[in-house]
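Taken from TrEMBL, the feature domain 'EamA' covers 14-141, 151-285. The transmembrane segment annotation in TrEMBL covers 12-30, 42-60, 72-92, 98-117, 124-142, 148-169, 181-203, 215-233, 240-262, 268-285.
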Amino acid sequence: MPRQRRCEGHTIGWLLVAMVAPVIWGSTYVVTTEMLPADKPLMAAVFRALPAGLLLLLFTPALPQGRWWLRTLTLGILNIGGFFYCLFVAAYLLPGGVAALVMSSQPVLVMILSVLILKESLKLHQFFACLTGIAGLSILVLEPSMVLPAKGVLAGLAGAASMATGLVLSKKWGKPEGVSVATFTGWQLTVGGFFLLPFGLIQEGLPTVLTGNNLLGYGYLSLVGALLAYLIWFKAIEQLPVVSVSFVSFASPLSAALLGYFMLDETLTPNQLVGAGAIVLAIVISQRLTVTHSKAGCSNAKLHSQLSTKPS
């Protein structure tokens, strides 16, 4: 029983830790619209990823070896470069909550890719949780008179696909033996930043003027929104099932909506509160069975240990 409780506590603890990352990412929408220069999504993505990656590698210097060069390039582009660009395009073109709503297709894509790449089985409760979450998000952010630009919606969907693929491949490949999470995160942030840099310079150029507010915004997105959040995210991927981690991302739009309410004086209608409740319900449904499976895994491990030590 104590072993089972420790195992259950470990799972719940990592679920709560994992939720910190999407809560931080939910602040991206407020920071982007209120603190960053207008119409420079590529450079915003560069300034978010590259300084954080280089800082991590400064303190944990190491280079990939062998096949990990290609894997690092792939993960850096999927998890960081492509995802960041799509995220900032969506954030500039769509209301914050709507951008998060489009991105919420990620758990569906992760479920599909987990079957194709990780050979996992689909579970009915996960589909139900996903539908509940998307329905809640729709109630939370959509309005009857809202007109959404197609480019923003497509950018959000592309970002969800990019990160979903990177998430599943991160779980499949793990990280190189002997390499810390900080180094592994630094590789990906650096690759993603350098991947975006030439596109940003050619298409947008450097901002001509940077205010103190702009610098604070970039600093927050790099040190907190990238460095801290991705350290947490990649560590959680090691500890938890990949689909469970993807469902935690539903906390991002909830965070965006609450920050909009408290910081931007946006209103929350009764319908939106119902939507927020549905999002919380979706997260709980998706994670309840994760904890249950953790209990079963602990019980099986305990039984195996007893059988292996039983004298023949």
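Cβ atoms here come from the backbone N, Cα and C positions, even for glycine.
Remember, it's a predicted structure, so these values are computed and weren't measured experimentally.
Across the candidate stretches 42-60, 98-117, 268-285, the maximum count of CB pairs under 8 A to the transmembrane segment (72-92) is reached by 42-60. Two recorded stretches are said to be in contact when at least 3 C-beta pairs lie under 8 angstroms, sequence spacing 6 or more; the transmembrane segment (181-203) and the transmembrane segment (148-169) fall short of this definition.
Across the domain 'EamA' (151-285), the prediction's mean pLDDT works out to 90. For the domain 'EamA' (14-141), residue counts in helix, strand and coil come to 104 helix, 0 strand, 24 coil, using DSSP. If one looks beyond the transmembrane segment (215-233) by at least 6 residues along the same chain, the residues whose Cβ comes under 8 Å of a Cβ in the stretch are 17-18, 20-21, 24-25, 27-28, 31-32, 34-36, 44, 47-49, 51-53, 55-56, 79-80, 181-182, 185, 188-189, 245. When Cβ distances are compared across the two stretches, the transmembrane segment (148-169) makes no contact with the transmembrane segment (124-142), since fewer than 3 pairs at least 6 residues apart fall below 8 angstroms. Helix first, then strand, then coil: DSSP counts for the domain 'EamA' (151-285) stand at 110 helix, 0 strand, 25 coil. Long-range contacts of the transmembrane segment (124-142) within the same chain: residues 95, 97-98, 100-101, 104-105, 107-108, 111, 243, 247, 250, 253-254, 257, 271-272, 274-279, 281-283, 285-286, 288-289, each at least 6 residues beyond the stretch ends and with a Cβ under 8 Å from a Cβ of the stretch.
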